[in-house]
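Reviewing the structure listed below.
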Amino acid sequence: MTTPGKENFRLKSYKNKSLNPDEMRRRREEEGLQLRKQKREEQLFKRRNVATAEEETEEEVMSDGGFHEAQINNMEMAPGGVITSDMIEMIFSKSPEQQLSATQKFRKLLSKEPNPPIDEVISTPGVVARFVEFLKRKENCTLQFESAWVLTNIASGNSLQTRIVIQAGAVPIFIELLSSEFEDVQEQAVWALGNIAGDSTMCRDYVLDCNILPPLLQLFSKQNRLTMTRNAVWALSNLCRGKSPPPEFAKVSPCLNVLSWLLFVSDTDVLADACWALSYLSDGPNDKIQAVIDAGVCRRLVELLMHNDYKVVSPALRAVGNIVTGDDIQTQVILNCSALQSLLHLLSSPKESIKKEACWTISNITAGNRAQIQTVIDANIFPALISILQTAEFRTRKEAAWAITNATSGGSAEQIKYLVELGCIKPLCDLLTVMDSKIVQVALNGLENILRLGEQEAKRNGTGINPYCALIEEAYGLDKIEFLQSHENQEIYQKAFDLIEHYFGTEDEDSSIAPQVDLNQQQYIFQQCEAPMEGFQL
């Protein structure tokens with residue numbers, strides 16, 4: 001028997017008669033659920049501050065009342081974005097006016113170009129260190145802001161470019177600037193720190209170790225303009241993100257109280273990033289899940305499953321799904337928030353990734369106790385799951401298969417009969433021909449649970465006939481199980497052999513009926529025998 005762990009929760013001990021709840025509950029598997037791609041599509045880990053059209057025609061005016069318009073004329077960029085000797089000379093001059101003018105010119109290079117010359121900037125000796133030095137100029141907030149903007153855009157680049165900003169000592173200074181009296185400076189510092197934390201787990205942990213959280217959370221305690229709140233919660237989500245390794249929970253858990261009220265902000269960007277942060281914090285052991293539950297966010301997360309923007313629904317669903325990977329009591333908290341009605345609605349979503357995530361979430365609920373399985377039945381969810389099992393994309397069918405097999409593993413006799421009456425046997429048999437060995441095992445396990453119930457019924461009613469054997473044969477399941485006796489996976493062929501021997505008896509095999517392989521559909525093809533037109537000759 002393999003050792004339990006996050007990566008093998010799904011397939012532990014298939015030789016057992018049933019999976020226990022801890023084994024049936026499944027945390028996310030990166031490989032199967034294509035999370036990295038989805039996250040890239042729905043959430044940016046780095047953002048470049050690009051000048052707007054208005055900013056291209058006039059110098060920026062710091063929004064705080066204490067700022068005055070910079071009295072600097074627009075300067076022409078060098079052809080091709082090349083850094084000129086004049087720019088370098090001005091950046092190192094002692095004149096504050098020339099320093100600001102040159103910094104603005106660097107900023108424009110890094111924010112206006114489709115492919116900003118970040119490498120050229122960081123390879124110019126002393127320039128990055130000079131911008132970091134400008135961050136300290138409390139007497140010149142405009143210079144602080146412009147240099148912070150430059151460094152933000154450098155940190156929006158690749159890991160090597162981000163590391164240059166870190167090595168120049170910018171992070172502790174940016175954290176100090178979170179307490180600046182000027183909101184523009186604060187906001188640009190938040191943006192820079194979000195880019196740095198979003199680069200890698202190593203950068204994230206370094207920013208956390210520099211004690212960013214207290215001043216960052218303090219920003220939320222006052223009335224901010226919307227862009228500030230957006231940037232701050234985005235930076236917060238980057239600080240919570242990452243699994244290899246996750247951030248030290250004690251360092252990020254203080255943000256839970258702030259996240260709980262951010263869920264009630266109406267802006268979709270704020271909502272989305274707050275939900276992403278909660279999904280990261282709830283992705284782990286039960287003690288982390290409990291901390292998220294204790295923050296009082298569950299009911300609001302469930303409400304957000306019905307939001308009209310998928311940008312919010314996706315991370316809210318991820319967070320809800322992570323919470324139900326916990327124990328039965330933790331799962332019940334979500335059920336008590338009327339989550340099943342929302343999940344049923346999401347099963348008909350036109351967005352396939354939402355359907356898949358909803359099926360995954362339900363599969364962890366059906367891994368619970370019989371009362372919880374009954375709530376799924378009462379919510380009329382299984383008909384939708386069986387429909388998905390027959391018609392959806394394969395990645396979604398896989399999750400629906402888990403939901404149904406989990407219910408057959410932990411359900412009562414009446415609950416399993418209900419699933420059979422809904423028609424779960426045929427789609428489970430259809431999965432026996434797919435190339436994904438894990439899902440073949442899931443389907444075999446579900447069928448075994450059904451056959452075991454049939455055996456008990458046969459003994460109880462004295463007929464000696466297992467009523468479910470015939471249903472499996474009618475669905476061409478027996479042919480498929482027989483073929484699996486030659487499967488390359490040892491657990492699959494052993495399971496197939498055991499099922500044939502125990503429930504169907506032994507029959508001579510005909511090698512001529514071995515199925516062909518359809519590589520496009522990732523499954524085997526079983527030819528259905530047809531009678532001759534004139535009928536069989538006796």
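Including glycine, each Cβ sits where the backbone N, Cα and C put it.
Database features (Swiss-Prot):
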- Thr3: phosphothreonine (MOD_RES)
- 1-36: region 'Disordered' (REGION)
- 149-241: region 'NLS binding site (major)' (REGION)
- 245-437: region 'Binding to RAG1' (REGION)
- 318-406: region 'NLS binding site (minor)' (REGION)
- 118-161: repeat 'ARM 2' (REPEAT)
- 162-206: repeat 'ARM 3' (REPEAT)
- 207-245: repeat 'ARM 4' (REPEAT)
- 460-504: repeat 'ARM 10' (REPEAT)
Intrachain residues whose Cβ lies under 8 Å of the repeat 'ARM 3' (162-206), provided they are six or more past its termini: 45-47, 49, 62-64, 66-67, 122, 128-129, 131-132, 135-136, 141, 144-145, 148-149, 151-152, 154-156, 212, 215-216, 218-219, 224-225, 227-228, 231-232, 234-235, 238-239, 241-242, 244-245, 247-248
Its residues classified by DSSP, the repeat 'ARM 3' (162-206) shows 35 helix, 0 strand, 10 coil
So, by DSSP, how many helix, strand and coil residues make up the repeat 'ARM 10' (460-504)? 35 helix, 0 strand, 10 coil
Using a Cβ cut-off under 8 Å, which residues of the same chain at least 6 positions beyond either end of the repeat 'ARM 4' (207-245) come close to it? 30, 43, 45, 47, 63, 171-172, 175, 178-179, 183, 186-187, 190-191, 193-194, 196-198, 201, 251-252, 254-255, 258-259, 262, 265, 267, 269-270, 273-274, 276-277, 280-281, 283
Calculate the per-residue pLDDT averaged over the region 'Binding to RAG1' (245-437) and state the result as an integer. 98
